[in-house]
């Protein structure tokens, strides 16, 4: 089972590499604040996956590491993981401003405030590294000839409590924001459907996101991220309250938390409709992971869709003149 860490790490890196390349190579996506912040999330996923794969490879090859190097590797993984959660919190803030204050979006989301959101991600990571640097874990007292890296062996209870507090704070902040934004988005979607009526409603799936696809993509990602971290939070809290080690349960909860990074890339890379219709996203997926190209609508489906669309006012104004010119000359006189 030593190969599991290597395989999971590579999968995390590949799943996050797709949105990272898609955003990085698209000028239109890079200009949008939401995708700029999502680039932090995707980059953190790639880096976390590479560090996890490196740690798994060292365990697979039974390569012993000096204690300081092992602690540095584990500190890097933890810092990148917290940076990923901070990036998700920044995306949630941007979505909150877009939905709650749509008309004042550019007034509130100024370049200076956007830079603050960008800077919050590395700031959380640096704070985590600082906490690690001041920790005195039990592993420091071990002989320096080389050890196998397991994070529970090199974390003191104080360090674990601090990171648990960081995680719970970020998750609570993300949850509250997305609940508020999700409720407002659902309300606006219902209002839009009532106002549109007729043809446009018939073309939407029941319960679709309407004009809030990006909002619901962030909401799905937040729900999965929080759900996959809850076992870790609950078991760690029980460990501190009861004083029991619970090593097996804590390691299992840590493994479940790794799935969060798989969903980070997959939700934005493959599941949203934009991933199946935006050429750059789908082509990048095909090149990287040999995924099947998205199915294109047939000509008959396009004709049926165009026939059911409402006519434009300009076309309605031109039709009488066109019909007049088509009549015989005697009739026009």
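The backbone N, Cα and C atoms fix where each Cβ goes, glycine too.
Unlike curated records, TrEMBL annotations are generated automatically.
Of the given residue ranges 162-186, 187-211, TrEMBL assigns the label transmembrane segment to 162-186. The transmembrane segment (162-186) makes contact with the transmembrane segment (73-93): 3 or more of their CB pairs lie within 8 A, with pairs spaced 6 or more apart in sequence. Relative to the transmembrane segment (37-61), the listed stretch 73-93 leads the set 73-93, 114-133, 214-240 in CB pairs under 8 A. Long-range Cβ contacts of the transmembrane segment (114-133) within its own chain (Cβ-Cβ under 8 Å, at least 6 residues beyond either end) map to 33, 36-37, 40, 44, 71, 74-76, 78-80, 82-83, 85-87, 89-90, 93-94, 159, 162-163, 166, 170. Long-range contacts of the transmembrane segment (214-240) within its own chain (CB-CB distance under 8 A, at least 6 residues past either end) are made by residues 34, 85, 88, 91-92, 95, 98-99, 157, 160-161, 164, 167-168, 171, 174-175, 178, 181-182, 185, 246, 249-250, 252-254, 256-257, 259-260, 263-264, 267-268, 271-272. Computed over the domain 'G-protein coupled receptors family 1 profile' (15-268), the whole-number mean pLDDT of the model equals 79.
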